[in-house]
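What TrEMBL says about this protein:
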REGION    34-110  region 'Disordered'
COMPBIAS  70-79  compositional bias 'Low complexity'
TRANSMEM  127-153  transmembrane segment
DOMAIN    164-275  domain 'Phosphatidic acid phosphatase type 2/haloperoxidase'
TRANSMEM  231-251  transmembrane segment
TRANSMEM  257-278  transmembrane segment
TRANSMEM  290-309  transmembrane segment
TRANSMEM  357-378  transmembrane segment
TRANSMEM  417-438  transmembrane segment
Amino acid sequence: MASDLVKSFVQMCKYLQEPCHVARFQRICGVKGTFPDKATKPDGGLPEPDSSGLRRRAQQGGRSVGVGNGAAAAGDAGVSQVNGVQGDVTPGAEPDGEDPDTARAKPLRRNSLTGDVGQEFLIHNNFLFYLFTFGTELGNEMFFIIFFPFLYWNIDALVSRRLIVVWAWNLFVGQSTKDMVRWSRPASPPVVKVEVFYNSEYSMPSTHAMTGTAIPGCLFMLSYGRWQYPFFFGLCVALSWSILVCVSRIYMGMHSVLEVITGFLYSLLILAFFYQVLDKIDSYYMMDHYAPLVIIFSHVSLGLVAFSLDSWSTSRGDTAQALGTGAGVALATHVNYQLGLLVDPPLSSLPLTLPPLSVSLVVCSLLRFVIGVAVLLVTRMVMKALTIPFLCRLFGLPTDDIRQARQHMKVELPYRYIVYSVVGFSCVSVVPLLFRIFNLA
């Protein structure tokens, strides 16, 4: 009986992992690939799919090469890269009777490892295209560099810094699991690669699904009872956020159904553990005299473990970036508390309520947000411009190709840690200090 259940479970997992389900969902949502009508045939005479996302790390001149949908578009070199939808009507190639709302599009960003621009595809439903593009952006760097600071500066510093702890550990566990499991991205064809930025990474589990579940789930658990709002409203917002991010990864052709479900459940498991200890972690970061040493040692050690799992990929950078940000925020929390600059609302004031909207409140919030994000972006740009050339000179690497230089662990690891730890520290300590100076606190 038990063996039959195991066999059924394995068969179900294999079924959910098949790329045909991703391709079918994309077709339902109005995405159509521009694949050749006849697949090329190898010596065996069988059609050979473009194994998009298959991680073939052939070492060529010291750098890893990702073979994927973007690489397959090498023959499309004559077409200039255009971000997003190129036009309202597909020119020339569409047959008679084609939907006039059909648009020809390309992936929004190059592959971050290989520089490939991706293959064109047809969009028959522009609303779903932009909806799921927004959904996938909820798991990308630019969203986090906007969301966490806005929450910290304008709404609730305690909730924000604890969210960052969950985000950093969630991303570390997810990315490390990817590099241990080593499953390839869904094959293309039949899957259309609407996104190719992460195409060179492994795919099991979906870390977008993990962060897209952990962030709204943790936000709901931390804020409910602390802030006054209906339980059903908060639950609906968290579920809608999570579902949008999870489904967007299937729409983008980046993950199978199984990988998204696994990421969702994996994140819930991690969240259940961390929710029990978040208060103790936060208190330790603030009060313990040895906390700075423990923070630096633990975050760097975890990064070294993750970087030793496999050759370089974008997942290495994401892991170090999250750990570096988490370290910077934790160190700033300790400094703020020791200097008496960290004042959380007393328990007697709970539950908190949003103040009534006024012109002065909105203007002050916008000023904090604009000035703060500008400071963070400038900090990141300056630190990046200083750190990468310095590390290249330190290790005797050429500085003419930054992309190739960053594929060396000894450059990428310290670069990500230094830059994003400074960004995280600035967000929690430096920028609020500027607000006090400009009377915006």
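Placed from the backbone N, Cα and C atoms, the Cβ positions cover glycine too.
Packing against the transmembrane segment (290-309) from elsewhere in the chain are residues 168, 172, 175-176, 179-180, 284, 316, 319-320, 323-324, 326-327, 330-331, 334, 409, 412-413, 417: each is 6 or more residues past its ends and has a CB under 8 Å from a CB in it. Only pairs six or more apart in sequence are counted, and the transmembrane segment (357-378) with the transmembrane segment (417-438) gives three or more Cβ pairs under 8 Å, enough to call it a contact.
Panel annotation: around the transmembrane segment (257-278), residues 13, 16-17, 21-22, 162, 165-166, 169-170, 173-174, 177, 183, 203-211, 213-214, 217-218, 221-222, 242, 246-247, 249-250 of the same chain, lying at least six beyond its termini, place a Cβ under 8 Å from a Cβ of the stretch. For the domain 'Phosphatidic acid phosphatase type 2/haloperoxidase' (164-275), the predicted model reports an average pLDDT of 90.
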